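> Below are the structure tokens for one structure; questions will follow.
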């Protein structure tokens, strides 16, 4: 049964990926702008040169053949050449993955820990001062625009207090005496973007955790568990949380998939050399191959995150395994 | 000594609309090995009475007066920590297992074993063995012990729920609508099972139901509740055959009897009263066929009809002609 469930989910994901590939291909064909003009960048190019380029890039082929070529190249990891950087798209993207994953990963871990904790506390102590405080905090951070929060944090901690640098991942032009010194410098640069992103996520996680836990606490099986004489700690850990975490798993997984694209604001504000900023730059320069590559990566990560959510959900909830 | 004594219990719910007098001055007692049926319409306070015994009320439910004794222990004054030691070990509950009374993401065996581990000094393995024994006792396949609630049918879930309630050899088991939502055949099986277990394990049993018809073969005594009060209490025979309260009479008329001529069961007119502002005098008077002026003005006290049978009505037995 379990293997069947897993196989079904994987097949579903593969089908979705195929549709994404088709869509991703069509999207950039229907966008305005002539690719030849972009590649040539020379309005006075001879007709012969244009024809040669058209042939070189396969633009003289029918769209079916073009799609086939696109697929073939995709499977060999060839996403084309960036107009802006004049480098293979794959190389550019790969170089940007680590900073994004580092920043987003840290922010996610921080937000999950704090958010789940705050949510549990405020649900359990519903109506108390702790609950009101946690709820107020979450509502404020959740509804704050990310870019605005980022700018405020820069203003307070970088400009006024001068505790943390305003932008980048490493201090430019600095040579580091040791790896430790470099890690330290990167850590100082990480604080503000991680804080911005996690503050917003904490709000979301706290609110969801609180609501689902409140629902679970009124379930009949919680009364049964209480009737068995368990103390509060045991009730929460063994009976309430395993049920309340189910919607959280979905939320966390989907957020994991989305954050790569969703960090455009944070990365742009803090000039973080990650994928979000790359996307922003590519968009500004109308760098279609690069954008296409980034879109593909984002959609893939969303699909993979959903697959992970489905599989973990199946692990935690026996009811969905069949 | 009585196994359980409930004396003048008052449990009120403090909600934004006012104070709901869900249980208002309820007294009854139970001997060792005895079975009491607690019957009444939804919202009459029977479940609140049960939850008050184990102090499992939601935060807005408060025991405002009265005492509950389990043997010599006064449960109403225990601290939260102390009452927990009595829950399940001394007084366990069988909820409507067919519904959502079991944790959907935990193996049923584990849900039985965890209670044993919590209350007794045993290893996890011993507790699982105990769970298997209990599965056999309630006539469930011991091989199914690792299953989850959604893999069980309604009747099986109810059996598992009973097994769970017996885990720590309680002195008293309270069944809160233990057969509701089950079909009639399974209902009878579950009631027989409860009856058999009560006799072999010599435990007290309280069955809460809205269906008076199921109590005849199982209970020694029956208490009929209406609007937060016990209106009639007595031996099963007294309540079935010699009942004195018009409400009891109405309840008994509410289901078909194969020994009576074929008649459509008669519903009770009106709806249960608002317990924030209960009717004056006898709380049943607005729906009672025999109500007179005094019923509106004066609350009837308990009248004794002998042999532990008593009722709260100014005109007891008026329906007999």
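For all residues, glycine too, the Cβ spot is worked out from N, Cα and C.
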> According to TrEMBL, which of these ranges is transmembrane segment: A:69-96, A:97-124, A:181-208?
A:97-124
> Considering only Cβ pairs under 8 Å, which range in A:12-31, A:144-165, A:244-270 makes the most contacts with the transmembrane segment (A:97-124)?
A:244-270
> Quickly jot the same-chain residues contacting the transmembrane segment (A:244-270) by Cβ under 8 Å, restricted to those at least six beyond its ends, or write none.
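100, 103-104, 107-108, 112, 116, 146-147, 150-151, 154, 166-168, 189, 192-193, 196-197, 201, 204-205, 208-209, 212-213, 215-216, 276-277, 279-280, 294, 297-298, 301-306, 308-309, 312-313, 316-317.
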